[in-house]
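Novice: Checked Swiss-Prot, it gives:
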TRANSMEM  38-58  transmembrane segment
TRANSMEM  77-97  transmembrane segment
TRANSMEM  107-127  transmembrane segment
TRANSMEM  133-153  transmembrane segment
TRANSMEM  174-194  transmembrane segment
TRANSMEM  202-222  transmembrane segment
TRANSMEM  230-250  transmembrane segment
TRANSMEM  252-272  transmembrane segment
Amino acid sequence: MLPQEIVYTKLSSTETQNGWIDFLTTKPLASQGIEWTPLIPTAHVLSIFMVLFMIAILTAVYYTKLKKLKPTEPPTGYVLVVQLLILQFENLTVDLLGEKNRRLSLLFIIIFVYILISNLMSMVGGIAAPTSSSTVTFSLGLMSFFGTFIMGVKYQKLAYFRDFFVIIKIKKKTIPLMINPLNVIGYFAPLLSISLRLWGNVLAGSIFIALLYSLFRTFFTLWSPSSFSVGLVFGTLAGGLVIPAFHVYFDILVSAIQAFVFVSLMLTYWSQPIKAAENAAEEKGQQMIENQRLNVK
């Protein structure tokens with residue numbers, strides 16, 4: 001279901017006879033017949049393929065322009081913007097994940113562009129933004145979740161699983177006593193946080209914009225009940241003059257911010273096991289140096 005469908009209801013002259021009373025007591029959610037249909041494709045499926053198609057076009061255009069660019073000619077326009085984006089994410093990836101993981105910057109660029117375009121799809125009337133579906137945001141969150149797990153196993157090996165247990169020491173040996181439920185819950189918390197943050201912001205923005213359009217239409221139709229169609233036309237025109245300013249904030253600025261925040265959090269989660277492994281190696285090295293000093297004495 002589109003976010004707009006949650007807000008919009010069919011208006012008629014009979015619904016406006018009692019003025020604001022009928023408007024305030026209307027229950028659009030009940031009239032929509034909302035029910036869970038897990039195996040039936042939703043409107044988001046089409047918009048997902050549209051986003052992928054747009055990304056493919058943008059990639060093809062960049063490749064074509066880059067191929068035509070001479071080696072001595074500085075990049076300009078679209079090529080320059082893309083290369084600045086690539087450079088920015090490469091630096092961010094190297095700073096948080098290290099030089100060895102520079103190649104992963106391409107993955108984060110793709111995720112950023114995918115989320116950005118998905119968020120901007122809400123500006124197209126009748127098309128659902130993919131990120132307004134909790135399924136899409138949780139799928140993206142799972143990428144962050146499993147990526148964190150892979151990084152932990154890669155850099156910390158079996159020591160990564162120590163945080164999930166209550167450890168006791170017996171004769172200088174560490175023995176896992178029981179599962180630590182707080183740490184296990186804390187491990188799944190970022191998955192819920194990063195997924196719900198993106199989904200909630202995009203869905204709330206779409207619903208807010210739809211409410212504004214509905215407010216203008218309803219106000220003008222109630223203002224001129226004798227001519228419902230004239231009021232509807234004036235309400236649509238008034239909304240078209242005022243609401244674009246809100247589109248700039250909710251659909252453009254917030255879309256870019258949410259895409260960057262998601263990727264930044266994903267990078268942060270992936271970097272935590274790497275930093276933990278580096279800190280453990282540093283402590284081990286300091287302990288070895290201290291032991292050597294004691295042996296010399």
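Note that Cβ sites are derived from N, Cα and C of the backbone, with glycine treated the same way.
Since this is a predicted model, take the numbers as computed values, not measurements.
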Novice: Which listed stretch (77-97, 107-127, 133-153, 174-194, 252-272) has the most C-beta pairs under 8 A with the transmembrane segment (202-222)?
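Specialist: Result: 107-127.
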Novice: Which range out of 38-58, 77-97, 107-127, 133-153, 174-194 gives the transmembrane segment (252-272) the most CB pairs under 8 Å?
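Specialist: Ranking 38-58, 77-97, 107-127, 133-153, 174-194 by Cβ pairs under 8 Å to the transmembrane segment (252-272) puts 107-127 first.
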Novice: Give the nonlocal contacts of the transmembrane segment (174-194) in its own chain as ranges (CB under 8 Å, at least six residues past its ends).
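Specialist: Non-local partners: 138, 140-142, 144-145, 148, 162-168, 262, 265-266, 269.
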